[in-house]
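One structure is given below, encoded as structure tokens.
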Amino acid sequence: MVFEGHLVGTGLKVGVVVGRFNEFITSKLLGGALDGLKRHGVEENDIDVAWVPGAFEIPLIAKKMANSGKYDAVITLGTVIRGATTHYDYVCNEVAKGVASLSLQTDIPVIFGVLTTETIEQAIERAGTKAGNKGYESAVAAIEMAHLSKHWA
């Protein structure tokens, strides 16, 4: 038997956690995510958005959302751009590990929509220009995973 999540978001409740750092990019990711959710049938009043200071703070609030019992899926959005120090490596690794572990801890799909790029140009491309919008893609993944997860609930 083959299982696939369908892409109709009607009736789903979705939490979104967005890092404010690099807000000119993360706001575009959020716009893409909201567009993706609404285009697939998620009602605006079934979407909650929490802004956090930066990417490093995303896992805690995503965990609290997932544990609240209110959401069928949680989307995480942020942007980390490499600088001149090793700070980038620490932030990227910890955020990725933190978000990745949440689905397993909470049994709620937690989608990783955090950009980790070498340059600001790469981030801009992934926030709605040449490379699509990773926020939109994260929204579609959240809908699909929410339905797949419910199959075994």
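Positions of Cβ are set from backbone N, Cα and C atoms, glycine also.
What Swiss-Prot annotates here:
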| type | residues | note |
| --- | --- | --- |
| BINDING | Phe21, Ala55, Phe56, Glu57, Thr79, Val80, Ile81, Phe112 | 5-amino-6-(D-ribitylamino)uracil binding site |
| BINDING | Ala84, Thr85, Arg126 | (2S)-2-hydroxy-3-oxobutyl phosphate binding site |
| ACT_SITE | His87 | active site, proton donor |
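Annotated features, which come from Swiss-Prot, shown on the structure.
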residue: Ala55; record: 5-amino-6-(D-ribitylamino)uracil binding site; CB count, 10 Å: 29
residue: Phe56; record: 5-amino-6-(D-ribitylamino)uracil binding site; CB count, 10 Å: 19
residue: Glu57; record: 5-amino-6-(D-ribitylamino)uracil binding site; CB count, 10 Å: 19
residue: Val80; record: 5-amino-6-(D-ribitylamino)uracil binding site; CB count, 10 Å: 24
residue: Ile81; record: 5-amino-6-(D-ribitylamino)uracil binding site; CB count, 10 Å: 17
residue: Ala84; record: (2S)-2-hydroxy-3-oxobutyl phosphate binding site; CB count, 10 Å: 6
residue: Thr85; record: (2S)-2-hydroxy-3-oxobutyl phosphate binding site; CB count, 10 Å: 8
residue: His87; record: active site, proton donor; CB count, 10 Å: 12
residue: Phe112; record: 5-amino-6-(D-ribitylamino)uracil binding site; CB count, 10 Å: 21
residue: Arg126; record: (2S)-2-hydroxy-3-oxobutyl phosphate binding site; CB count, 10 Å: 24
Could you measure the widest C-alpha to C-alpha distance across Phe21, Ala55, Phe56, Glu57, Thr79, Val80, Ile81, Phe112, the residues recorded as binding 5-amino-6-(D-ribitylamino)uracil, and give it to a whole number of angstrom?
16
Give me the CA-CA distance between Glu57 (5-amino-6-(D-ribitylamino)uracil binding site) and Ala84 ((2S)-2-hydroxy-3-oxobutyl phosphate binding site), in Å, as a whole number.
21
Going by C-alpha distance, which of the recorded positions Thr85, His87, Arg126 is nearest to Thr79 (5-amino-6-(D-ribitylamino)uracil binding site)?
Arg126
Could you tell me the C-alpha distance between Arg126 ((2S)-2-hydroxy-3-oxobutyl phosphate binding site) and Ile81 (5-amino-6-(D-ribitylamino)uracil binding site) in angstrom, no decimals?
12
Thr85 ((2S)-2-hydroxy-3-oxobutyl phosphate binding site) -> DSSP, reduced to three states, gives coil
CB contacts under 8 angstroms to Phe21 (5-amino-6-(D-ribitylamino)uracil binding site), restricted to the same chain and 6+ apart in sequence, sorted by sequence, are Pro53, Gly54, Ala55, Gly78, Thr79
